[in-house]
Structures are given as C-alpha cells and as structure tokens.
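Below: the structure, in structure tokens.
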C-alpha cells in the first residue's frame, strides 16, 4: 500500500506537471530531485520551470519554423521538382509572400504544447511507477517512451490533422491531385472536417503515427544513455555537451523513421484523389501505396525527400530545447535551494 501511495503522489506531484508543461525541452528531472524538493517551494518552482522551458521552446520553434514549412511542402507535393531547402523557401516567398513561411504557426505551437504535455506527463508518471529491476535503464526508457508515444498519438492526433490542414491551405501545389481547402481557424477546421469528412477523419494518419512512436522512444533512449555515460565523470553537463547529445539522439531517430513521416503528412492532408485506386484512406494498404508511389516517382531517395529541411529544423530545435531546459532548470533549482 505504501508503494502505491508513493506512486500516486509522484503522479500528482508538481514536478510531474512541470515535466509535462515544459515537455518541449524533451528532458526529465530525476525522481530523487522530486523527493528532496521542499514542499513549500514546489509551486513556485513549477511556475518558474514552466515559464523558462515554455519560453525556450516557443523561441526555438519560431526561429526554425520556415524550415518546417519547406519540409512539409516537399513531403506532400510529390510533383515539386525542387529538392533544396533554400530553393523551396525562395519559391514560397516568390509565389505566396514571406508571411507564407509562417502560415500555421499558432496551430503548430498549440499542437506541440498539448502533445508534449501528454507525452512527458505520461513518460514521467510511468517512470515513477516503474519498480522492476529486471530491465536495463536503456530498455526501460525505450519501453516507457513507446507506451507514452502510443497514448500521445491516440489523444492528440486530431490536433495535428488540423495543424497540417491550416499549414497547407493557400499553398500553391505543383501536384494537381491535391484539392485546395479554405479554413478560418482552428475551430472552423475542426467543424468542417467533422461535417464533410466525419469524425474518423480527425484520426487520419494514426497508423503511421503509431508506427512513429519509435521516434521519440529511440530519441529518449539514446539521449538518456549518452547523458548517463557523461554524468559518470562529472556532476553537470556543459551547454555544448547537452546540445551535442540532443542533436545526435534526434538525428538518428529522424533518419530511421523519416519515410513514415512522409506518409503521415500525406494522410493528414487528406484531400488527395485516391479513390480511383480503390484504396481505403488511412489503411495499411494506403500506407504501402504511398510508399510505393514515392519510390516510383523519385526512386528510393524519394522516401527521404525533405529530409534536409527536417534535420535542420527538428535537430536544431530539439537540441536547443534540450540545452535551454537543462541550463534554466539548473539555475532555478539553485535559486530555490534545490540540488540539481
């Protein structure tokens, strides 16, 4: 009973909420720190951590957002001949204006915050409740990351469908198979999808997303493993070390799962003419069809179209958020008289 009570306290603790809301930093605070934190300081500590990590996350996402715009265009617009990230960015500016690079920024930030809250809250709760010693620490991180990823996908996929639709509306596609859409905001997008496509359309791309839960799981396993190795020789990591291991972890995870990310984006867009192929949108058959079509049009390298932009945006953003969260958290803990 005592063990269960401790687990419940950890799940409902301020620290668990801090990890969740500041989840964009993609890091977790050690359970030992949670137990040594003074209860009277927990509320202020949570508030400061949320502000610090949240501010760093939004800043990083905003700075690298145009790269994500280029990545998405390359993924869904199969007929676009441009392969260079810079070329795509210049084409967007020329055809649609410079503000088009930031189209869908607010929905992206909103989706990211909600998704990361769910993922990191689940991850840290499961980590706090894990009591078996039969699995290695790396294996534990992988299993917990996978479970947290599945829960995250099932709960937040509608947000990402809406985000994709808003991000691509008004875009000048080279692919005539893509049907143009017009939405007036997040709420209007939800309503129109429900009215015209049905409830299940909000879970478009769920299959690819479920397969992609290995991405953050692999990232966490690599990051936590590298971090533990470095902390064996020192008490605290430097900013450059945190940045480096964050970039390494995200690079490997991204490259291993990128073809599925292309399929995920196409499925979320939804408005493509696939009925003549007698394919049920969102099915495993549809997923295989999209992969084969990409290979047929561009060869094997077509499965990695837009990878350059994805790596530049995702890796740099993730690494920057790792660094910001680690450094600001350390400062906050010192101010609040907690041992980092």
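Every residue gets a Cβ built from N, Cα and C, even glycine.
As given in TrEMBL:
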{"type": "REPEAT", "residues": "44-129", "note": "repeat 'Solcar'"}
{"type": "REPEAT", "residues": "136-229", "note": "repeat 'Solcar'"}
{"type": "REPEAT", "residues": "237-331", "note": "repeat 'Solcar'"}
{"type": "TRANSMEM", "residues": "12-31", "note": "transmembrane segment"}
{"type": "TRANSMEM", "residues": "43-65", "note": "transmembrane segment"}
{"type": "TRANSMEM", "residues": "105-130", "note": "transmembrane segment"}
{"type": "TRANSMEM", "residues": "142-162", "note": "transmembrane segment"}
{"type": "TRANSMEM", "residues": "200-222", "note": "transmembrane segment"}
{"type": "TRANSMEM", "residues": "242-260", "note": "transmembrane segment"}
{"type": "TRANSMEM", "residues": "311-333", "note": "transmembrane segment"}
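Taken together, the residues of the repeat 'Solcar' (237-331) have an average pLDDT of 79. With DSSP states grouped into helix (H, G, I), strand (E, B) and coil, the repeat 'Solcar' (44-129) comes out at 74 helix, 0 strand, 12 coil.
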